[in-house]
């Protein structure tokens, strides 16, 4: 997984995955949800893996995308493209505001404030009638992406799957490009050694803000498609379930692995859909997976696999430089 | 450019923590092509001076005074903008990105946007430090102390600074390596690059610098050309202090 | 509603907030640890109290002890899982792990106690007093008294005596403390056990004011954040004052502006504090 496989192999793999839900007898619903939530997790992945901060506000970006979509589609009868633009804009604006407020904050204080933002956003969603209050927004019409003479609608999961799949491919490509970009390299430098990054002429705060804001559209776009998939948007989007799901997806397989969040999401959703023990036990499994991944398996499943296979790849602490600078 | 304009100049530079004045430098200047050594015992204010020149505030001290680079005031800029103008630092202990390879460390250091200095390209770096060329695919954490210090200097040269601050390059290195590193630094100094060498190891510093500044309790005790300073009793005392330590 | 009633509500609420936050104060001040599962321990302990009274038929004071015991147990289990991360002071990983524990606790609560909201009626809540034209219950008074007692105990325990010295050494430098012959892992376990017991005590006393659901606990976490940050991280007396201040603020805001947005307003206070004095939040050893 270290190097990008040959384009041909990637193409074949993509085609196989694309056709898989059909072959398996119509599992489009599960695959669509996996793709959507994986895209949401990639937004968080950039911040956690590259910037080295743990944002607990990415459920807000996700929900903002979903709410913007739901409201625009039901109240104004907006089409798919308008709702997408609205979702992205909502995510970006909230991320910008939160990013500016948390500019000087790091580590757990940063996480604490982003968590507080999530709880407050949930309170607002519950109480503000404009957002539908506790009832949320229901009756979201089917997704219509028709442009000019081209007719493109998605009525059911089987028709949404190609779109979710495409969104996932775009996300994978964007994350890969980000990691090869100047900004990605600067984020990594800021993560590894902020002082040295400054000594390379890098504006640490600006990089942090840029990456944080850049990460929001991924989660918001996922929220956009999720609103159509569920045809309903409500305050339940702010529940810890989504937050814990995203975090687990990011850390379960191994950090800074391109396919990590996707595999992580697939494992979690796969368990819930095909090996479910009921909501309560599923919650225990999901929370337990997060605990095990971090407390017992540093480096995630990938690290475990590597240790078993090759006895190498020493565990890397999540905050390498911090432990060093704190002493 | 007017040769009389110092590359780096500090005036009335004062750092105070509450009522305690940790640094008080009326005037300190480095001319183009000059290698100036700042020496002094532990706690003499050497790190405070480096931090003040770069605008690092540790424990929120009150910093006042002027810092000029090529005659332009940079004393009000945040650290990264001072670096971008061409004031580079090689921090104590050869700080490099441990998890990145040698090549990645060098690639991560990009020529600065606002500098008048001359950035070194990869070929120039490899010519200067053949050892780094040999080890370019090793992780920085796998390098020896001397190699890491070379990498840190090489990183700074990639940026193309006008003035380079070298903070205690000799710390943790074997004497022979110290001489190697400092001789390399001596070779770098030229019309494009001036160096401020902050060093506790007086003996090593004296061997390479043009001018010597002796710091004690945050004040300049003596300064002058190295030839004149060599026999200064206060410098000899610093020597002895070092020998006793 | 009049001002006096709101002020008295605020004082009661403030002591409740301070009591809810006391575990975190110690967690951060002594061990430089965080616990994002704080709210779920609160929730679980509230259920345990209810179950001990309604299910086991225990008297209320005994039920409180049962809940505290459960809190201690949860704290010990969490710390056992995180011991390696604790020694590495990997705060970010600890934070995520505690979130995971919080999610697990929610599942456990749903499994054991079901999805129905429960109301815990204590004998103290039937006793009313009139003070300056405002009504308070004996339950409210109990919250105030226990909160003051907890903080006084902590103040004298932490800031004086050998216990406090040990704690400060561990906070300052765990490795050095180890060299000084202190069993650091025992201190960490003790701190997490205290955190569990303290939240459970708070839950047993405060939770009867509202219905108990598996989804409660979030507001309590925000309140704890604000109290700990406002009070100066790790400061015992600071947390007490911050809790009191926040309680009065929330009561007045809820009474005269909007009850639904009281938490949001508390968060607003947090933001203002963060913007005004971000440097005051640096996580320093001891944090005093």
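Just so you know, glycine gets a Cβ as well, placed from its N, Cα and C.
Of the candidate ranges A:30-48, A:182-200, TrEMBL annotates residues A:30-48 with the feature transmembrane segment.
Residue ranges A:140-157, A:158-175 are listed, and TrEMBL annotates A:158-175 among them as transmembrane segment. Scored on C-beta pairs under 8 angstroms, the neighbour of the transmembrane segment (A:55-74) with the top count among A:80-101, A:108-128, A:209-226, A:238-254 is A:209-226. Under 8 Å from some Cβ of the transmembrane segment (A:80-101) lie the Cβ atoms of residues 57, 60-61, 64-69, 72-73, 113-114, 117, 143-145, 147, 208-209, 212-213, 215-217, 219-221, 223-224, 227-228, all in the same chain and six or more residues away from its ends. It is A:30-48 that, among the stretches A:30-48, A:108-128, A:209-226, A:274-297, forms the most Cβ pairs under 8 Å with the transmembrane segment (A:158-175). Of the ranges A:7-24, A:209-226, A:274-297, the one with the most Cβ pairs under 8 Å to the transmembrane segment (A:30-48) is A:209-226.
Most Cβ pairs under 8 Å to the transmembrane segment (A:274-297), among the stretches A:7-24, A:108-128, A:209-226, A:238-254, belong to A:238-254. If you look at the transmembrane segment (A:209-226), the same-chain residues 6 or more away from its ends with a CB under 8 A from one of its CBs are 36-37, 39-40, 42-44, 46-47, 50-51, 53, 55, 58-59, 61-69, 83-84, 87-88, 90-92, 94-96, 98-100, 102-103, 143, 160, 163-164, 167, 171, 174-175, 178, 183, 187, 237, 246.
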